[in-house]
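According to TrEMBL, the protein carries these features:
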type   : residues : note
SIGNAL : 1-20     : signal peptide
DOMAIN : 38-160   : domain 'C-type lectin'
DOMAIN : 184-304  : domain 'C-type lectin'
Amino acid sequence: MSVKSVILTLGCILVGQGHSRIVETDPKYRTDYQYVRHQDAFYKVHRELRSWHDAYLYCKLEGGSLLYPKTVEESTLFVEMVQEFLPNITDVWVGAHDLFATDIYVDTDGIEISQSYAPWSPGEPVAPSRWSTPEHCVEMRSDSKLNNIECDRRRPFVCKKLNRNITINAACRTPDAAFFPSEDGTRCYKVHRLPKTWMDAFAICNAEQAYLSIINDKKEAEFIIKEVKSVLESVFTDFNKNYIAIGFHDKTAEGLYETIHGQDLNSVYHEWSSGQPDAKRDSDDCGALTVDGLIDDIDCDKQRMLFVCERDIKTDEEARSPNQN
Ligand SMILES: [Ca+2]
Ligand SMILES: [Ca+2]
Ligand SMILES: [Ca+2]
């Protein structure tokens, strides 16, 4: 049975009980989330495999939280979603852990799961021993039972957003309040305070339905540098302060520098630092802006930098014909 038919079936049952019908298209959150009326919440199944910590982070970046089904009804929905979207997968992360204190399993709201719904597999959670790797994170198996396991295992996961928690950032047409519009109102930016590698920065902007900023002209370069400098003082971890990750690369063809939207680098801002690009190593395939306002090719997955995500603000008309650039 598909999730759609499950939702419709549940909807009909609920209608029979005097509740309103489940509608999938309204209200709206992100286009990649599906609304389920009996939970008054939106859900997204992530097929890609991630560690528990990354699953937690990606749900946050999307504005939601890693789903922990707190009721039998939501657990049933969870299993149906997994069967529909992940047919060959047996184990899926849920938003529960004992990272705060051993053996106290809490959900992402910090509430001990034994107070809501905690269907552990027989014999689980296995208590830590001196000889075993700690199992601080919780997965749900195909039999809908919970198991604690090492957090760095890679599993698919489901994110959830409660309808009542949605805010709309109208100027930037996103639920994410951290985006702010440019002076001319044609694009929006979000400055991240967590330094990341180029590849992680790309993935994070993508999760936010935005893109790693593409520097179109000198004015935008200066703007991005000013914004990043304004948050430098509030970043306490160690990272490369000379670079800002930006959206160009030569990953697809060595020496062919393009923006992440496939435009020739020469069609956007491309004032190289002296002696650049040097492509010292094969891994120097990713774009950075120096704090002096010049560009450089750097490694994609080693040094961590600050970055800015960018969103074009399209009119509804433009959004319907996505190939306009
Ligand atoms: Ca276990
Ligand atoms: Ca731009
Ligand atoms: Ca270089």
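Glycine too: its Cβ is placed from the backbone N, Cα and C atoms.
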| query | If you run through the domain 'C-type lectin' (38-160) with DSSP, how many residues end up as helix, strand and coil? | reply | 29 helix, 36 strand, 58 coil
| said: When secondary structure is assigned with DSSP, how many helix, strand and coil residues does the domain 'C-type lectin' (184-304) contain? | reply: 28 helix, 32 strand, 61 coil
